[in-house]
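Features reported for this protein in TrEMBL:
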TRANSMEM  43-64  transmembrane segment
TRANSMEM  76-96  transmembrane segment
TRANSMEM  138-156  transmembrane segment
TRANSMEM  162-183  transmembrane segment
TRANSMEM  195-212  transmembrane segment
TRANSMEM  228-247  transmembrane segment
TRANSMEM  259-279  transmembrane segment
TRANSMEM  291-312  transmembrane segment
């Protein structure tokens, strides 16, 4: 009679093999859905948009902090001129209903409102760098995401799950925490009120960006990318040019131009132009909400650049240093 070998008792059971096979099959299916060419291309384009946003933030902060250049409308005006020269001219040579004149006859007032929202969003965000820091601006502009979701709900009839609303609540909590940290940290150098002004400008600008992004998604998906960029370039140039002459004439005249300042203006305009040109491509295959979630990595890039280029301390660390003083304060 033969003895049973130990190796025979160590063989995996059939149900264990089946479970392992199902797990492997599930992982392969997940991998097949997540690592498709379209998703990888969307992620890559999103990171390119994040780098463009980071580039605009860094150049704006350098102009405001190092060179005391306070001309946010001039910075945006150059970008709108580039859009006008490329995309508006393209519309002028289109035939049929896509022609520039036909679009203006039917929807001119709608594009004026869109151009106004876009111009003022850019103006408020860039203006905020005069009052607060690079990291604060980039972290607070995520406030546009819940605003964008609300607008998409009512205008584009988008629907969300419970987890999305929880994420919005966390986002709003983070915005409140960041504003409070900025105010506390600003007390070190008696700049708390200025920092609060900068934070409010960012929140207003992010809300207007949300309006612009919802309109962009609708136009890109229902009409065309060229129409959106061409009309924004046209009315953005007109509106920003008028506001430039009214608001920033003296500031522009007082700039001591050199090659470094000129290079920063050019870098800002090129980053903005690339951002405007490529964002509709990503929005067309996803949504404005997905794009805004994807470009949150710009906050991380800006944080690193802010720490190394501008020597910022962590806002929360500065706020924590203020807490003992607040606890010892006697309130009347």
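Backbone N, Cα and C define each Cβ position, glycine as well.
Any TrEMBL annotation is an automated prediction that lacks curation.
Keep in mind that this is a model prediction, so the values were computed, not measured.
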May I ask which of the stretches 43-64, 76-96, 138-156, 228-247, 259-279 has the most CB pairs under 8 A with the transmembrane segment (195-212)?
-> 138-156
Recorded stretch that, among 76-96, 138-156, 228-247, has the most CB pairs under 8 Å to the transmembrane segment (259-279) | 76-96
Give me the stretch from 76-96, 138-156, 228-247 with the greatest number of Cβ pairs under 8 Å to the transmembrane segment (43-64).
-> 138-156
